[in-house]
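Following: one structure in structure tokens, then a few remarks.
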Amino acid sequence: MPTNDKNIMTRLYVVTTCMFLFAFAVLFKLVNIQVVQGDKYKALAMKRTEKMFTIDPNRGNLYSDDGSLLATSVSRYTIRFDAVTVSDADFKKYIVPLSDALSGMLGSSSSHYQQLLRKAKAHKNRYALIARNLDYSEYMAVKDFPLFNRGPYKGGLIIEQKTVREHPLGKIAERSVGYEHVDDNGYYSGVGLERAFGPYLRGVEGKRLKQKIANNQWKPIGWDNIVEPKDGYDLVSTIDINIQDIAHHALLGQLEKYKADHGCVIVMETETGEVKAISNLGQTKDGKYYERLNYAIGESHEPGSTFKLMSLVAALEDKVIDTSAVIDTEKGRWRLYDRTVKDSKWGGYGKISLARAFEVSSNVAFAKMVHNNYKDDPSKYVNRLLKMNLGRQLDLPIKGEGKPVIRSPGDKGWSGISLAWMSYGYEVSLTPLQTLTFYNAIANDGEMVKPRLIKEVREWDQTIEKFDKEVISASICSKETAAMAQDLLKKVVEDEHGTGHKLYSPNFSMAGKTGTAQKNYASQDPDKLKYISTFAGYFPADEPKYSCIVVIHEPDKSVGYYGADVSGPVFKSIAQKVYATSPLTDEVDMDKMKDENLETSYQKYYVEAQKTYHKMPNVQGMSGMDAISILENLGIQVEVKGNGKVKKQSISHGTDLKNVHSITLELS
Amino acid sequence: MKGILQNIKGDKTIWAVVTLLGLFSFLPVYSASSNLVYVVGSGTTFGYLVKHALLLALGFGIIYGVHSIPARFFKGLSIIAMPIVLVLLAFTLAQGTTIDGANASRWISVPLVGISFQTSNLAAVVLMIYVARYLTKIKDKTVTFKESILPLWMPVFLVIALILPANFSTAGIIFSMVLLLCFLGGYPMKYLLGIIGTGMLSLTLFILTAKAFPGVFPNRVDTWSSRIESFTDGQDTEADYQIERAKIAIATGGIMGKGAGKSIQKNFLPQSSSDFIYAIIVEEYGLIGGIALMFFYLLLLFRIVIVAHSSPSIFGKLVALGVGLPIVFQALLNMAVAVELFPVTGQTLPLISSGGTSSWMTCLAIGIILSVSVKTSERAVSNAKVKIDENNPLEVLSGQL
């Protein structure tokens, strides 16, 4: 088999051709992937390596009416320690100084931290908890601690940041301030203002495109966010932190004293309906009180005697009776069908006027008055109540407002005794805020104002939306009726027979109505019988500024349960303190005085200063201040002797400025 | 330095291509090393750069050293080296290193130096020279198959049998290259077909044994079959993931590429610095870069053909082709894998990939080609002096053969 150059080369050309063809096949496939399959794989690249990230906007702040922060979002830091990444030498060297530093900041002893760190090291713990919920300044300090200042890899420092909602003023109006959570499906839940005004507070999420560079590592693409995050608006609430504080503590004290189940206080500005304070306290199992539910807004219950005002106003409006009309309260017992209306005073009040009946809060008198006057046409009474907006919700932005109940004849539960029972606050149901709204309308001469918790929505210093006074009804009753009702409410406190006379103070006036409603009265067991003690009213009596309602549920009967005893003192204490803390202020506007001399000399200076000089100006006679500013603006160094007006200038005016570098002024 | 440059002999184009590829290799290696550093988490990017530079510098040392040895000496060297290679291969296989339960005994670590060495690469070069020598020896004879078994096929099958359990693709490439060389060298076609048949048969036998007794020797049969299956079927496997990433890299590279170091897929391709480096190159330097690289390999192929053509001796021709064609073939194979023209093989891109010591064997091969390309006139001085230096065992050996 002879092999020679030639046949080797021939065979080689065959092989080489094959290899070239293979190379072209590779190139063809390369182009094919780019051109034909290109779009598919580019799309796949996007899918596999790019992801849209959301940037959380900052939630808006919630302010009180004077701009104090009620709720704000802050960063909180959790510090953890990776004991494995730290070298043994570093660990040994820094453990004591680090523990000392931690002890200095966080309180526990240095040995506690040494033990904690050593344990982490021994167990190869890469996620040992050091401290939770540090604020920003503490976090910055921790970052500079020995060992930790060497960073996450050498120092083992792990930092987790989270944003939490903080209430800088503590638990004040906590339930009304509320909260808002969002779940994974984007569904919002929560209570109070945070929830009600959530859409304003939330802001708009930003979007940022990021590219995957490794597992769980993403880097941003491009300069800008796809969508810029927009921070939430700020809310200014009507809450006055001083009044809120007073209301909160007054209520708390009384709840503790009477070991009551729960209670609430609302203080409202009479004219505008702005809720200045709203406090809800409920008892926990261990006997402590805290803001559990928004009773003031959410809890609809039988109001009891405070409803006598509504009956009174209705009767006066319908002109079925006069305040001076005399009603026989018999012996404090009045049998109607198979039931008996009882007065709290054993033996009754005898024959008294309607006015006195209101003052002493006679159930018999009111039952008789309403029943006798409306029994032929019960719906007239009910319609009057409804006309005064009593059957309707206030339509508050805060979710969960309790439904009021005012039954009409023919409704389920209506009976022959309904009129009598309704007259003093049973078989009807109102929330404390609804009751207060009515009382406020009386204080306002009949104008019913909608209670408000929010004043305005703001973005920085710009007002986005303003919430003004909203009138539900311009007049629920005539001015005369309102005046009569006001007079009676005042007498409840002022008159020595009045149920609220214990509240009387010669120094300032209050008006209001007590209420002691029975709860669970359907039960025959006397132990189950509970009371709701209420006081609703306004102050000062003559020129009402604030209306207020105090409702305390289930006080300990052995301590007391009458509205005047339980809720009254809270009302009084609030009225007294609010009055003491809102002094009258007068402002006097003073026109700014214009100084003629100053004006003219300024004008002169201004003219001089505007000129362009090529030659030294004459500054003699000018005030030193003006002369220096003119000359130094020309680039001349000025030396000054003395003070006052320029007496002498070292370089005379008219000298060419090109040669002048400095000048000395003598002032007198 | 000047002396070295003056002593550079042989095909200047090959020198140029190799130097160019060597210099270019820094770019993709440096870029892809970020994956090793930041994702895998070993070493530093600069460390990889320095390591690559050192390996490459030594590689060029090897080229220079080898190219100054006259080509005819390789005959004798291959005979001396053959038994050493067989011992090394046996030693490598005996180590029993495993990756994920499969036999991965491909490297032995060189004592003292602390670098690992892939013996199959050396074996391939030595075997090709050995085969070239045999073919030269029988060029004027008509050999029977029986006659050629002992001197030719025995060593070939020994080498392949020792590589096969740990590295199927390399064994396959070596086998194909030996066949190619035999074809070029005029070995009778009928025998070649017989050998191919025998090869296939023994491979089947090996696979069947391995499948039947999985415990006998931890092998890579499963890896091969899964790689080939994933190439043919449509299921999602690790290899599919790599291929998909490689194709994403190629597709997103476009015509001009994303620019040096800007590859994204390098972070996701597990073998971005070796097996799939071509995809990364296309991603960073675009279609233009990919074609240019291909051009240089084809230019190298073209020059190897020229070297073979102009070599006066049959041995020169065969040895240049025997060690040269596998380089280009391996390069094409690597690219073919990246574009999904071929199943994943684990072959590096010669002269570009940071394949460690395997690049030295490429350099050895390049050195041999260059040695062949050195014209007789260039060596005239030394040849004129002594026809056969009796004191030089290589001279004696080469003269005899």
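Count begins at 1; order follows the chain as displayed.
Using N, Cα and C of the backbone, Cβ positions are placed for all residues, glycine too.
According to TrEMBL, the transmembrane segment annotation covers B:12-33, B:45-66, B:73-95, B:107-131, B:143-164, B:170-187, B:192-213, B:285-306, B:318-339, B:351-372.
Below 8 angstroms of C-beta separation, residues 9-11, 14-15, 18, 21-22, 24-25, 28-29, 32-33, 48, 51-52, 55-56, 58-60, 62-71, 74, 115-118, 121-122, 124-125, 129, 273-275, 277, 281, 293, 304, 307-308, 311, 316-317, 319-320, 323-324, 326-327, 331, 334 of the same chain, each at least six residues beyond the ends of the transmembrane segment (B:351-372), sit close to that stretch.
Of the two recorded stretches, the transmembrane segment (B:143-164) lies close to the transmembrane segment (B:170-187), with three or more CB pairs under 8 Å once pairs fewer than 6 apart in sequence are set aside. Tertiary neighbourhood of the transmembrane segment (B:318-339): same-chain residues 71, 74, 124-125, 128-129, 131-133, 135-136, 173-174, 176-177, 180-181, 184-185, 246-247, 250, 275-279, 282, 294, 297-298, 300-301, 304, 307-308, 311, 345, 347-351, 353, 362, 364-366, 368-369, 372-373, selected by CB-CB distance under 8 Å and a gap of 6+ residues from either end. Remote same-chain residues near the transmembrane segment (B:170-187) are listed as 106, 120-121, 123-124, 127-128, 131-132, 135-136, 138-139, 143, 148, 152, 156, 159-160, 163-164, 195-196, 199, 318, 321-322, 325-326, 329-330, 333, 347 (criterion: CB distance under 8 Å, separation of at least six residues from the stretch ends).
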